[in-house]
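Asker: This structure is in structure tokens; I'll ask about it shortly.
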Amino acid sequence: MTFRARHLLGIEHLAPDEIRAVLDLADRYVDLNRRTVKQSDVLAGMTQINMFFENSTRTQASFELAGKRLGADVMNMSVAQSSVKKGETLIDTAMTLNAMHPDLLVVRHGASGAVNLLASKVNCAVLNAGDGRHEHPTQALLDALTIRRAKGRIQRLTVAICGDIAHSRVARSNLILLGKMENRIRLIAPPTLMPPGVQDFGCELYDDMKKGLEGADVVMMLRLQKERMDGGFIPSEREYYHRFGLDAEKLAYAKEDAIVMHPGPMNRGVEIDGTLADDINRSVIQDQVEMGVAVRMACMDLLARNLRAERGAKLAGVMV
Amino acid sequence: MITFLANARIIDPESLTEREGNVILDGRLIAAIGSAQAPKHARVIDCGGMALAPGIVDLGVKVGEPGDRHKESFRSAGLAAAAGGVTTIIARPDTNPAIDTPEVLEFVTRRAEAASPVRILHMAALTKGRAGREMTEIGFLLDAGAVAFTDADHVTTDTKVLSRALTYARSLGALVIGHPQDPGLSAGAAVTNGKFASLRGLPGVHPMAERMGFDRDMALVEMTGARYHADQITTARALPALERAKANGLDVTAGISIHHLTLNELDVGDYRTFFKLTPPLRAEEDRLAMVDAVASGLIDIICSMHTPQDEESKRLPFEEAASGAVALETFLPAAMRLYHAGHLTLPQLFRAMALNPARRLGLPQGRMAEGAPADLVLFDPDAPFLLDRATLRSKSRNTPFDGQRMEGKVLATFVGGAQVFGERD
């Protein structure tokens, strides 16, 4: 097995063959998920805790379903009900949960690096479900799977990532992954939403959407957070839509068979035209959701295998 | 009491030279330097060719009194300083409450005198509560012993308030220490803008914020004629402005922390909060430019920016973690990195760590000269060791050098002729 990681904290620390291992296994879980009986027992007896310090419906549901289909006992903890509100620190919360012997900890947190911090204090496998503006690895992996299934490959493609790149962990994980797999990456955003120093990542930068989309195989749209819309980073919602919203006219600059992606939830009429988002010939947005469950099943399966191997080795008194 | 320090490698930061020789301490002063013979009844210490330099004058040390004594007391700071070769601590007023009245200043002066084996002098706040609205009683505070006036890392945004405070300070000859940083541009920043910040998803500040803050302060200094010191200049972009200000005859000096001279932004690695500083660590090109600026004398002063933080305030996600690092004990070994790298000589280092800060504050310390205070540090610049933060004397142990290989060990520290650290025969 080529997947060696103990935690899944980001794409940054994954090697290309580890990424391929996840995608290959996820392909098999896509098949399982399309059956009427979707049960597997690879996580039977294991406990998965979902800790979402930031609200999320889609990602949390996806992780929950993934765990349940693999036979794990899944518990959801959302910040609203937790003692974080009572002043408990992140580390204390982690230590408390750790004492209950979970096997998989799925964490989303608003601060970059918070999941790394937590992972250093627990002895189970930790999956990053998004930390601040840092990384959202399962999103990048599910995007990669979606692209690979639609395009037949995940290298030598021209991928345009468009929107609020500065504040997006999805963009960060995606550009790391796509770079590792040797794709041509273009970032399209107003300069105020472009992260500083990004020119050193080996991407091409555009602030003109039509030029940026020229010849693209994949168009990846990002969500624009409501609180960034008015005056702070861009002048207004309507000016943004005019210059950076994806519609049929702008998409015409991309390749004829270019696919349209969005991590959701979408702001129809802000970053993407509603009709286009629903166009089954161009949009793979629903496929992304489907791939999400399969990719998360694959990640948890692989991490659980490494966890078992590590514990087995410890029991046998072998140094790993 | 007479002490005879024999066979030393004498570091003289005034002449920028070093030589072999003996030093005689008589009472609280240096009595003779050179090849003199040991006087009768003197305590003789054989230095064995080790380096003997003026004790470090550390401009800008945070001690937790009043308010945060659990992080650092005058006692623990004084012991750490003695072990680190720091013979004069210039304490910062960013305490809780701030040192902004003669009464608080008298309190800390009394506490420090009773508790510390090294000299501790105090700075006072420039504005009440460091809030940037009303100036403090600069005259009374001077009378009570304040050596400089600063709001530490609080930048006074109201330039009218600041210009009046500078004008008033000038009339009394008081030194004002500023923190050159544009408060708007740097708001919420945890690291320096760039590839690394973007990769880690951390909010960064553009290095230009430092030059903007410095340019603004220089305009006000030109306007008011005040004596001004920039606590830390850490980016190459700000250096031409500093050079210009000096060339124009403004009474301006600048400092930098030892961390900004020995570490860069990449040291933060996977969100290591002990590397979170104010201002944040910079790019390697900036670090090298700063080292050159210290060598040329453009940057006058190296300080430790000793900022004790307890574990709780550091064991947090990077953005939420407190900033600052302890440095009293690691200051000299860290500085030895610059010496061993061939960037700076020992006399150049002690010019920036002892002579210049003392001069800027009008203190007699920092000199290797007859008649100067017998504040000295004897150290082995080559002794290697592995730093274990558990061994630090500071109450807080937030050092970025934990687990790192260091060179440079303090063997003995003298303050006013008395040995305050090191083995005794």
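Using N, Cα and C of the backbone, Cβ positions are placed for all residues, glycine too.
Keep in mind that TrEMBL annotations are predicted by a computer and have not been checked by a curator.
Because the structure is a prediction, the values reported are computed rather than measured.
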Asker: Which one, A:R20, A:R28, A:R108, is listed by TrEMBL in the same carbamoyl phosphate site as A:R58, A:T59, A:H136, A:Q139, A:G264, A:P265?
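Answerer: The one candidate that TrEMBL places in that carbamoyl phosphate site: A:R108.
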Asker: Which binding-site residues (A:R108, A:H136, A:Q139, A:R169, A:G264, A:P265) come close to chain B, taking a Cβ gap under 8 Å as close?
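Answerer: Going by the Cβ criterion (under 8 Å to chain B), the qualifying binding-site residues are A:R169.
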Asker: Per-residue pLDDT averaged over the domain 'Aspartate/ornithine carbamoyltransferase carbamoyl-P binding' (A:6-148) comes to what?
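Answerer: 92, rounded to a whole number.
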Asker: Which one of these binding-site residues, A:R108, A:R223, has the sparsest Cβ neighbourhood, judged by other Cβ atoms within 10 angstroms?
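Answerer: The binding-site residues A:R108, A:R223 were compared, and A:R223 has the fewest Cβ atoms within 10 Å.
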Asker: Would you say which of the binding-site residues A:R58, A:H136, A:R169 has the most Cβ atoms within 10 Å of its own Cβ?
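Answerer: By the 10 Å Cβ neighbour count, A:H136 comes out on top.
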Asker: By a simple count of other Cβ atoms within 10 Å, which of A:T59, A:Q139, the binding-site residues in the record, is least packed?
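Answerer: So among A:T59, A:Q139, the binding-site residues given, the one with the fewest Cβ atoms within 10 Å is A:T59.
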Asker: Under DSSP, is A:R108 (carbamoyl phosphate binding site) helix, strand or coil?
Answerer: strand
Asker: Given that the record lists A:R58, A:T59, A:R108, A:H136, A:Q139, A:G264, A:P265 as binding carbamoyl phosphate, what is the largest C-alpha to C-alpha distance among them, in Å?
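Answerer: Overall maximum Cα spacing for these binding residues reaches 16 Å.
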Asker: Through the lens of DSSP with three states only, how would you label A:H136 (carbamoyl phosphate binding site)?
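Answerer: DSSP assigns A:H136 (carbamoyl phosphate binding site) to coil.
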